[in-house]
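Working notes, beginning with the structure itself.
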Amino acid sequence: GVSIEWTKKRYSTQVDPDLADRLIHLYYFDCFSESAIRNAILGALVSGRCEYQAGHNKVGSLQYLALTALITPKKTKPPLPSVRKLTEDRWNKPQKTKGHRGSHTMNGH
């Protein structure tokens, strides 16, 4: 098995993964995100600000953030609108006609 050890000056203790993530958040990354992890992996200095100095649960796990930073997501196309939506848009938009007050078919001429 693997254990995680936290060392601060002369103090050392074993920590679980959740506590390790909060400690990393508190001491090394101010609200690390996918981009912060990616930058850290590339060797860039990462800094930012967080309102929760003790860490918080909204920070994703370091393992998840590192994985998402390394794997590029597939680009997905948005779904096509329904036929109903397409026909609503087509029929509800006013048609512009040059120099006429109304359509000939609407006037009965």
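Placed from the backbone N, Cα and C atoms, the Cβ positions cover glycine too.
Going by Swiss-Prot, these are the annotated features:
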type	residues	note
MOD_RES	Thr13	phosphothreonine
MOTIF	25-56	motif 'HCCH motif'
MOD_RES	Ser61	phosphoserine
MOTIF	61-70	motif 'BC-box-like motif'
REGION	68-81	region 'Multimerization'
REGION	75-109	region 'Disordered'
MOD_RES	Ser82	phosphoserine
MOD_RES	Thr105	phosphothreonine
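Taking all protein chains in view, 10 other C-beta atoms sit within 10 angstroms of the C-beta of Thr13 (phosphothreonine).
Look at Thr13 (phosphothreonine): DSSP puts it in a strand.
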